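Q: Sharing a structure here in structure tokens format.
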There are 2 protein chains.
Amino acid sequence: MGGTVLKASNAAVNKPVNVGIVGLGTVGGGALNLLRANAAELSRRTGRDIVVSHVGVRREHPNLNLTGITVSMDIFAVVDDPAVDVVVEVIGGITAARELVLRAIANGKHVVTANKWLLAEHGNEIFSAAEAKGVYVAFEAAVAGGVPIIKVLREGLAANNIDWLAGIINGTGNYILTEMRDKGRSFADALDDATALGYAELDPTFDVEGIDAAHKLTIMASIAFGIPLQFSKAYTEGLSKLTRDDVVYAEELGFRIKQLGVARRTREGVELRVHPTLIPDDRLIAHVNGVKNAILVQSDAVGTTMYYGAGAGAGPTASAVVADIVDVVRALTAESAPNVPHLAFMPGAITNTPILPMEDVVTSYYLRLQAYDRAGVLADVTRILSNHDINIEAILQKPMQEGGSVPVIILTKPVVEREMNLAMAELEALDHIIGSVTRIRMEPLA
Amino acid sequence: MGGTVLKASNAAVNKPVNVGIVGLGTVGGGALNLLRANAAELSRRTGRDIVVSHVGVRREHPNLNLTGITVSMDIFAVVDDPAVDVVVEVIGGITAARELVLRAIANGKHVVTANKWLLAEHGNEIFSAAEAKGVYVAFEAAVAGGVPIIKVLREGLAANNIDWLAGIINGTGNYILTEMRDKGRSFADALDDATALGYAELDPTFDVEGIDAAHKLTIMASIAFGIPLQFSKAYTEGLSKLTRDDVVYAEELGFRIKQLGVARRTREGVELRVHPTLIPDDRLIAHVNGVKNAILVQSDAVGTTMYYGAGAGAGPTASAVVADIVDVVRALTAESAPNVPHLAFMPGAITNTPILPMEDVVTSYYLRLQAYDRAGVLADVTRILSNHDINIEAILQKPMQEGGSVPVIILTKPVVEREMNLAMAELEALDHIIGSVTRIRMEPLA
């Protein structure tokens with residue numbers, strides 16, 4: 001029962017904490033500005049002054065006031081600076097970032113990073129190095145921007161066995177889907193708009209193909225279930241094949257389409273998948289629109305909880321970076337690194353539960369076929385589904401379109417994806433089915 | 001840069017942590033069961049076994065398995081037991097609970113409590129005693145059940161100046177309002193139902209008069225703004241005067257009525273108030289229904305975030321109690337008490353920002369008058385409002401009712417409550433206005 005809570009009287013004698021920031025782009029500049037703007041409030045919270053003493057940059061930043069700060073064009077000078085207590089890595093990318101973070105750790109410095117790509121790919125190596133050295137790598141900003149979902153999963157819900165989580169964790173993708181639904185726009189149009197507004201990168205592949213979401217999902221799944229980071233095993237499916245028709249038909253059936261990252265613990269293994277998903281429109285998360293993020297978590301004691309907010313942008317991401325700095329400073333002041341394990345579970349207690357191949361995942365499906373309006377079409381379709389033990393929940397045939405074909409929408413009951421793949425191949429081989437079958441997975445989220 | 005993260009190899013040699021639980025009602029029994037059910041997962045998370053070694057009860061609990069646990073009918077025996085590391089206080093009430101918690105602290109034990117009433121009334125004394133003794137009093141379960149809002153405000157949003165927060169923080173109240181809206185029931189009917197379902201206590205005063213919500217709001221406001229707990233200065237207004245008509249008219253105007261706890265930092269002081277509130281129906285929190293809780297937080301860096309989940313019940317509340325135990329165990333293992341201040345800000349940095357009297361609060365209003373349908377009524381009403389500089393946002397006159405009177409609904413622009421009180425008195429004095437004027441405050445939540 002040792003240890004003492006810092007008394008107010010100690011606050012004055014504690015020396016400032018020196019922060020080194022590597023990268024002064026949107027997030028780094030935002031963190032610098034936030035540390036200054038809320039300096040008094042941060043000192044009230046931690047009992048210490050938090051000072052940015054050194055920044056590493058690769059170009060000039062004439063719009064930032066760097067008075068009193070050491071500026072190095074060699075970014076490694078920051079992590080080698082003996083006066084720096086905490087290194088903030090916000091350069092992005094994975095090659096230089098990995099080297100930089102590992103060197104900071106080797107130098108005995110705590111690290112704060114917003115780099116989900118880096119952690120999804122190299123997190124196991126980085127956390128292992130940090131644990132060996134007795135320093136901490138904090139990464140709240142890597143997932144869902146300013147929504148403190150890492151802390152919630154790792155500490156707030158620590159009493160629970162987490163069953164599954166499902167998140168809208170890419171703001172660009174959610175903006176596109178919201179525009180498609182609310183304004184009847186096509187995927188391509190909505191993406192152009194997202195790019196013009198600065199939500200999507202010039203190369204939007206990571207956003208629209210679900211890769212960025214899969215990075216974040218990989219991190220959350222590790223923390224929720226106590227498993228190693230395994231980004232390479234995540235299933236990703238993008239938004240580009242979605243049509244406006246699908247959005248409308250889903251709506252008619254009482255659903256909305258969201259790009260969800262889903263991680264679920266089953267007896268056989270862990271599901272780790274990002275794909276467009278039909279969700280019932282009476283779920284709160286169905287009403288999360290625009291660039292916002294939200295994560296729904298299902299756990300055994302608390303039941304369903306949800307966490308909502310801005311997933312990107314200078315302010316929200318800087319909020320998470322600075323919250324991590326506060327955690328580290330509070331720990332430094334307690335003269336002990338935080339004893340919260342990086343991945344929520346003790347390093348020796350991480351389990352090797354396998355990630356399920358997508359073919360083994362069970363979900364319900366929305367299917368859309370384009371069929372010639374001939375006698376026997378529905379009989380053929382339902383026979384094929386029945387042969388694969390796929391039960392139909394609802395069926396909707398739309399009016400005939402130009403060319404004499406009709407769209408048929410089918411909602412199925414849960415079935416393993418392997419069977420659905422076989423059934424889809426047989427459906428597509430039918431003479432009176434035109435083109436490929438659109439398949440969107442469904443999640444009841446209940 | 002001292003301190004080390006606990007290595008896996010240490011886990012085995014650490015002895016179990018002994019927990020004493022005082023009170024084995026819904027929450028205490030829930031915590032006991034959860035600590036057992038998830039024992040393996042908790043050990044994976046903390047590197048320690050967590051064992052309930054001693055319980056204090058005032059009656060027999062034949063439905064709980066207490067094998068291997070010391071059972072004392074003298075509840076103080078638990079806090080005096082040298083083997084107990086952490087005391088969980090879940091007896092409720094404030095007299096014995098206060099004495100018990102202070103004695104546990106004096107005995108050098110960390111305390112976990114779910115008792116919002118106790119903290120709202122005696123929190124300043126309790127936290128001060130804990131800080132002097134170097135122990136920790138954790139209270140996640142006191143607000144919003146299993147939603148980790150205390151941790152979010154104190155740590156997750158630590159980078160931010162919090163501007164305001166608004167919460168649906170009493171499940172019984174929200175259940176009643178949901179029933180009134182969805183099923184057209186009266187307040188009294190819905191309350192009867194809530195009592196029959198076990199949501200409301202036999203004496204539901206704390207729930208329906210906003211007192212329970214004000215306890216929770218008092219705690220959240222202290223943490224959000226770094227001010228002492230000041231429950232006695234909170235404004236509370238209950239649900240009992242709300243009519244089904246108000247719910248319907250609000251809906252027609254694009255709003256829903258929720259019982260909100262609002263804490264806002266203004267230049268003049270802190271608003272601390274619980275009352276029925278009209279909120280725009282396109283806000284996510286407007287769709288939080290039934291016994292669920294949700295807290296919306298507006299802060300300068302991250303913007304708007306929201307936290308949603310079950311606010312009561314054995315599982316959710318036990319989830320928060322056990323999360324607090326995990327925090328304490330992780331700190332014990334780091335050989336240092338957590339350095340997170342009880343009220344989020346360092347004890348010496350708590351400010352004496354005044355709580356604003358309700359008369360000084362500025363909001364918009366929904367007003368409902370019952371007026372005889374005579375020439376000049378609307379002219380009189382609008383003249384009185386205008387004399388008090390109250391601008392009208394919308395006005396809605398409903399069809400004539402039996403007795404020849406009409407309901408008139410007015411939405412105003414923001415005005416200080418003092419002026420509204422004066423205007424309401426003048427309105428009620430008009431000959432052609434029947435009875436009193438219904439006034440519901442509005443919050444844009446944007």
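Glycine is treated like the rest: Cβ placed from N, Cα and C.
This is the feature table in TrEMBL:
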ACT_SITE  B:Lys216  active site, proton donor
BINDING   B:Val22, B:Gly23, B:Leu24, B:Gly25, B:Thr26, B:Val27, B:Gly28, B:Gly29  NADP(+) binding site
BINDING   B:Lys116  NADPH binding site
BINDING   B:Glu201  L-homoserine binding site
DOMAIN    B:366-442  domain 'ACT'
Q: Where's the emptiest Cβ shell within 10 Å among the binding-site residues B:Val22, B:Leu24, B:Val27?
A: B:Leu24
Q: Between B:Gly29 (NADP(+) binding site) and B:Lys216 (active site, proton donor), how far is it from one CA atom to the other, in Å?
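A: A Cα-Cα distance of 22 Å.
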Q: Under the DSSP assignment, what numbers of helix, strand and coil residues are found in the domain 'ACT' (B:366-442)?
A: 24 helix, 33 strand, 20 coil
Q: Do any residues at least six apart in sequence from the residue listed as 'L-homoserine binding site', in the same chain, have a Cβ closer than 8 Å to its Cβ, and if so which, in order?
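A: Residues satisfying the criterion: B:Thr195, B:Asp207.
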Q: Restricting to the same chain and to sequence separations of six or more, state which residues have a Cβ under 8 Å from that of B:Gly25 (NADP(+) binding site).
A: B:Val90, B:Ile91, B:Gly92
Q: Around the NADP(+) site recorded as B:Val22, B:Gly23, B:Leu24, B:Gly25, B:Thr26, B:Val27, B:Gly28, B:Gly29, what other same-chain residues have a C-beta within 8 angstroms of the site's C-beta center?
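A: What remains near the Cβ centre is B:Ile21, B:Gly30, B:Ala31, B:Leu32, B:Val90, B:Ile91.
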Q: Take the domain 'ACT' (B:366-442) and average the pLDDT across it for me.
A: 94
Q: Using a Cβ-Cβ cut-off under 8 angstroms and a sequence gap of six or more, which residues of the chain neighbour B:Thr26 (NADP(+) binding site)?
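A: Within the chain, B:Thr26 (NADP(+) binding site) has Cβ neighbours under 8 Å at B:Gly313, B:Ala314, B:Thr317.
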Q: Which ones, of the binding-site residues B:Val22, B:Gly23, B:Lys116, have a Cα no more than 10 Å from the Cα of B:Lys216 (active site, proton donor)?
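A: For B:Lys216 (active site, proton donor), the binding-site residues whose Cα atoms are within 10 Å come to B:Lys116.
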Q: Name the residues of the same chain, 6+ apart in sequence, whose Cβ is under 8 Å from the Cβ of the residue listed as 'NADPH binding site'?
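A: Sequence-distant Cβ neighbours: B:Phe139, B:Ala142, B:Val143, B:Asp212, B:His215, B:Lys216, B:Ile219.
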Q: Counting only other Cβ atoms and using a 10 Å cut-off, which of the binding-site residues B:Gly23, B:Gly28, B:Gly29 scores lowest?
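A: Among the binding-site residues B:Gly23, B:Gly28, B:Gly29, the sparsest Cβ neighbourhood within 10 Å belongs to B:Gly29.
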